[in-house]
Structures are given as structure tokens and as C-alpha cells.
């Protein structure tokens, strides 16, 4: 077999170090930065359908081999439903086309009967997970308490469907509840967990660099707060995912800083023997066709750039794989074809069926809002890999397919 170093010979000398990846189970932050600063410009000028330049071929090969070494050839997916229960939000993120003022004609806020109907439909379709997030709605209170409103949502769902895994409420939502009710993050997380929240989406991370956040989402929690809330969740036994919003105004150095924060967070959970940690890393390329004008002007493109996204996908595997073994592309943002390609660049999971999705689709994403298990299985098999349904926490469901 041709070595990675041999593949990369025409490229810069630094990339002959890619051969060491399989021995050392990953790369350093400096190596990740070198890879990104060299490979991303190359990727931006190449068609992913054309033969890859030697450097990109080396990167793809290294990430795919490390994926195989770390998690094997099984590709997982989860049957789930996504419920965005309100688009009313007090914040004004630069990339968001989803949020609405409460007085907007197209503002919505689902009542509990509608939510329960959606959960029932999902369970009928074999769902094991409900993913629930919403806008930051100051009017969402019960008896004057925001936490009581969220508790009520959780209690109603779990009372009707005790077996469903509830993956709910981002770190930003936790901060919002805590602020509204004058509580600590730990108090909010503990109460929601006791009521029935099983795990937390690691969304609202965007890019964990405050300079970037100050421009694209200045009203959102800062990096330190996001990290504090996620660590608190782990300490209290609530598993989380992790994400990065990429392909907008962030630099390669920002991307590496973000990955370092996630690595350190996972390392801390392991070192302190917390009862929970990060289950997966999900790369979320920016979609801005219908985003606010300022963000569209800053970025200059409205749909994800596939090859640069695949490069970052590969580097994330090389840098994070030792700590967070499950890596997932976004078929909503990349389309199923692009997400399937990502399985050859370090990913081992295709995510969920979703059944419905509103946040990315209203920004102009072309990937769709729901997908069947059969389509996910077919995509996995098209690469000669082994499909397997999983739970939210990556336990297998049924037999290997």
C-alpha cells in the first residue's frame, strides 16, 4: 500500500508527518494549524469531483485510516425527531434566519398537545430519541418561572413516553433559564435531569473564540460560559454532544482553538472521572442564503463549500479522534451526498433521521428536513461500510444490518 508520506511528497515537507498519525493516534494543535492553513486554500480552489491534489489525498487517507483504527468500519445512525418548539427569541444572531419577535406574523410557539402529537408520531416511526430546542422566549413561563415551564415540557413528554431519550436544551438555553429565574447552572441542569432530560445538545458553541462570537453572535454566552455549562452537565451525569459552526469568518487558528477547547473539556471529564462526557463531534458548515444581510456580506458565499468542509472534517478526526471517537457530518447542510463523502474523511456516524428541521432549512439549506433510515443505510452501504442503528449514547439497537 502506498504510504501517506509518499502520497504527500509533492506537497510541503510538514505533511510527511501524516504517516505518524497512525502511530501516535493523532496530531498536535500546531500540526492541525499547519494542515489547515496549507490545505484549506488548496481545497477552496479544487472541485471535490476531480482527482485530489497529493496533499489533500494524503489528508483524506490519514483521516480515513485513523477512523478505521479508532472505531472500525461500522457507520451508525439514530432514528430521532427534531422539535424546535418556538422560534420566538430575544437574541439576534448574525447567521440566524429562524428567530422571530413575538409579534411577528410567522412567530410560533407549540403547545404541549402539538408537541406530544409529534412525539407520538416519531415513536410510531421507531424513534428512540427526541431532540428538542427552541428560541429564547421571555414569555415562556409557568407560574412566573422559566424553569417550571421547561420542567413542564419535559414532564409531559416523559409521562406519556417514558422510554424515549430526551436530548434537549442547549447550553444557551440553560443560561437563559438560570438568568430568568436567578439560579445557578448546576441547579437548572440538575432539576431538568431529574425531571427527565437525558442528554444535552452541544449547540450554541458556534466558534469558541470570543472575538468571533462578538461579531456573529454578540448576545450569546461567551466561550467560558459555554465550557462551564457543558462541564457542569458532565459533572452532574448529563452527556452532551459537541459542535462547531464553520466556513464563515473564522480563521484556521480559530478552528484549532475551538477543537482544543473540546479536547480539554473531554480530557477533564475523563481525568476527573465525571459520570458523563462528550459523545460526538458534529461539524456544522455555515448556510446563509437567507441569513441576515450583514453576515452574508461578511462571508461571501451562501452554501457550504464541500471540499474545505471535508478538510476540516479530516483534521478534526486527526486532532480530536483520540478523545472524541464519534464524528458526524450534517446531511441537512451538506446534503446526503456530501455527508456520505465525509464518511471517507474521518466520520463514522450519519446522525439522525430528524423527521423535521426548521433552523437550518429556513436559512436556505438544500439537504432537506427529514430522511428515512433506508436512505441512510443505502448511503452507508454505498461505501462498503456496515450500517448500524444506535441510541443517542451510541449503544447498538438491534443486529448489525
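Just so it is clear, glycine is given a Cβ too, placed from its N, Cα and C backbone atoms.
Just so you know, TrEMBL annotations never went through curation; they're auto-generated.
Summarising the annotation, TrEMBL assigns [4Fe-4S] cluster binding site to 89, 93, 96. In the three-state DSSP reading, residue 96 ([4Fe-4S] cluster binding site) counts as coil.
For 95, 206, the entry in TrEMBL reads S-adenosyl-L-methionine binding site. Within 10 Å of the C-beta of residue 206 (S-adenosyl-L-methionine binding site) we count 26 further C-beta atoms, all protein chains included.
Close to residue 277 ((3R)-3-methyl-D-ornithine binding site) in the fold, though at least 6 residues off in sequence, lie 234, 239, 240, 266, 269, 270, each with a CB less than 8 Å from its CB. The (3R)-3-methyl-D-ornithine binding site annotation in TrEMBL covers 170, 277, 330.
The feature domain 'Radical SAM core' is assigned by TrEMBL to 75-330.
Distances between the Cα of residue 330 ((3R)-3-methyl-D-ornithine binding site) and those of the binding-site residues 93, 95, 206 are shortest for 206.
According to DSSP, residue 89 ([4Fe-4S] cluster binding site) sits in a coil region rather than a helix or strand. Note: the CA-CA distance between residue 89 ([4Fe-4S] cluster binding site) and residue 206 (S-adenosyl-L-methionine binding site) rounds to 17 Å.
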